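Notes to accompany the following structure.
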């Protein structure tokens, strides 16, 4: 059982970011802290561990017993780290050095070190004045809590889960009722029942509108709730797990199981599961608290320091004692005030805008028809009474019939189905909108290890390189000593399996520093059985090389050749080095000594090559981004049939030196390569950020805590199998199975969703335009009034049928999908226009009020004239209403088969699959029911106000169906023509024109950048000229000094010597003798340098090599006409790349 006590009753809170530590301001901070551990659950006297605190004692100048600067720590707040003082001292010295440019670099370095030493001494003196005495005692059992204790604590504190502010369910439903389309439906329902037309109220339309409104609202609500429940269920599969000590054993438990008093194991990448105290003696960890405090610099935590939930372990390893959980924690108190809000995806944005567009067009059309029916002289005769109210009622019913009531349901259903399919692929979606955003991904940045490869390492002992004085067993032992045994990574697991673990158990490990992506090595401080203390390390080959080579260039070249040769064969090398720990005796600092290199092999996954090929077929470029060596990455890419143009870490060095490989230039450079090797986490972020700034949709895979920024920045962040908690928290999609297959499946699925939604939008705009066009044509042109309740009935049937389109069977696109509302609106408008023309022509041909009346030509009886028009002597037929209803149903239901594909609707292949039964059956049912109703409808059946309706016979019904099918084929043919001919013309004249203007602007920007590049070239060469002059002066001074020194050695009897500048020597005058025959003088070193101007297409390099530097002063000039940068003497020049200054890719300068 853990208890925390102090004089104030609790641990002190951490100060707000930006406050000075109290050790500087003079306020008392901490008093002496004692951490107590019970050796056994029922031990009588706990063991005490005291940690001294940096505090001001209000004038006391004694140092508390045992305190020293290196062991300083704090509980409530972090203390001043000694490096902070050193850093400020170095910065102050460097700022002073800016005023003295002529000082020698070695002298400046000496002064920096002196100042740093002085600051360190000041810090020591400050520590000697600290004393004060508040004691915070932490009693806890080193064997952890028992199961009974956990049960009791859970009853008291509950589960360790944060419950944010929950929006009541009734408020969610009410909010949906108060949205635009439901409000329109409610208003239309009220008008339909309140306005009397033909001496009756339209209760039928009222009931239909309310039923439609309630159905859509509740279907949307239930769909969203089911989707979130499904995501929550999937998230439980990937719920964060931590290592907890319970009943004396380390156990893997879900984070929600923690209770105050638990002891949790921490390592790099772990998100703090609760508030607690760091209790591991003799070590520190680095914690990233940027998500909580905004402080970007990770903070070092010593024993006794508080740990806040939500922060991330950046480096180090240790144990934490949990003090607060759930809503009582720091993160929980903050999050409980907030309601969870998900970012709206592009699909939801498009559908919302489409809904607004349709509603706006319908409102404009309804407003026009309202004024037309209210003030037109003919309609004054048709509707003599309550004309304004009836016209307003018709306007709102028209808007309600056209408004896309089912659109939110379709959105939720589409994404929910997608999430369910992804779940079956061993993945979880943390953000629903990520499913549809993946449709436009053009580049996938993939890690190599564990994603492209198996991450199942094999040790090749025959390929090992062992230094003289060591053997293979010793090298494996040293590598195992700095490997993790509790939660070993694949490399540690492989080494531990090959090493003698019995021999390893004889060594005492004092401190272990785990691997991190920045240092790229592990390290352990070890005591041998003989009592000798040493440090062993293993890590990336180039990192170990830099540790052991020092100034030995020959060894460096040998190791480079060894590493490169093995990497070319696909072998990963792992360096091992050791160094002794000094025993306090004065002398040279110990150096790292190379033990050898291990060779490991990580084979590619069997399905990776086929998956990459599938990705290429989908138009997705897979770019490898790995921290491994360039040669290994190239060999792996070759085995997987990927591109082998993989660049190494030198690209980032060039960027650092020149500052030009960034922004647009970096984005364009990324599109020319196949991968990056030797990258650090900040490089991954730079790569993703450059492509996002270039408006490219990219996906990024990652597994480490340092990958989190890149995952968050990418369009789709993907946490691979085995990723850290920090990576999972930043990702949009979490994989539970290794490999790329699931990622490509998700992207393929997202494109299917894109196609379904695109078909739905085209179809929904098309049907809305049919209703608007038909109603407008009948009112304005034909002075014919269609029963308004039939519009409501058709709209309701339409919306219920449309809900099934989320499950349509469609093929994935072979290229990234990009929304083009212009294309959607143009196509749907054209199809709606053709359908409207067919309906108006049908009214003209079929109704007896017009002179055509085609029924006798079909051998069928005419429609019965039974509705007199007040504005003419002709009669309209109630049967026309039934015929128009049937025709509109056929055109609407059949047309979905056309808009779901760009080719002929009935040509089924891999790109146009046969529609799903869930689509066909509702459409067939809608048509069949409408056929029977339009035939057997009786004149006495009058569910709503307005004109009556009478059924037609079977012959007239088949002619009507034939007319609708004929126009359906016309629309399908013109649709093919639109995609093949019309849309390319629109694209050239509209879209390409916009692109051309953008390209023109971009060329201007590139010309400006190219001009700056040439200016930088000139400035660079001029700076080199000034450096040459300074070098000449130094060489001349050295030459004269050498002459003077040589003259002292080479003297004749009279003390004179002869200087031969041509031969670079000093000798006695001819005929004289001296102690030395001659002394050679140092030659003036030639000044050589190279300037290169590189671009996307290639590079040109040349150099200035002068035999005798400083013979003449040169100036640098840019010759625009001849396109070269040259010295004024004209002896040498650098030709500019032909594309420089002509709007090409931004070039870069490299020294």
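Cβ from N, Cα, C; glycine included.
Of the given residue ranges 818-845, 846-873, 986-1013, 1014-1041, TrEMBL assigns the label transmembrane segment to 818-845. Residue ranges 336-355, 356-375, 436-455 are listed, and TrEMBL annotates 356-375 among them as transmembrane segment. Under 8 Å from some Cβ of the transmembrane segment (951-970) lie the Cβ atoms of residues 834-835, 838, 842, 846, 855, 858-861, 863, 879, 882-883, 886-887, 890-891, 894-895, 898, 931, 933-938, all in the same chain and six or more residues away from its ends. Comparing 177-197, 761-782, 875-896 for CB pairs under 8 angstroms to the transmembrane segment (818-845), the maximum falls on 761-782. Here the transmembrane segment (761-782) does not lie next to the transmembrane segment (917-939) in space: the count of CB pairs under 8 Å, restricted to residues six or more apart, is fewer than 3.
If you look at the transmembrane segment (917-939), the same-chain residues 6 or more away from its ends with a CB under 8 A from one of its CBs are 797, 800-801, 804-805, 807-809, 878, 882-883, 885-886, 889-890, 893-894, 896, 948-954, 957, 961. Between the transmembrane segment (788-806) and the stretches 177-197, 395-422, 875-896, Cβ pairs under 8 Å are most numerous for 395-422. When pLDDT is averaged over the coiled coil (1014-1041), the result is 58.
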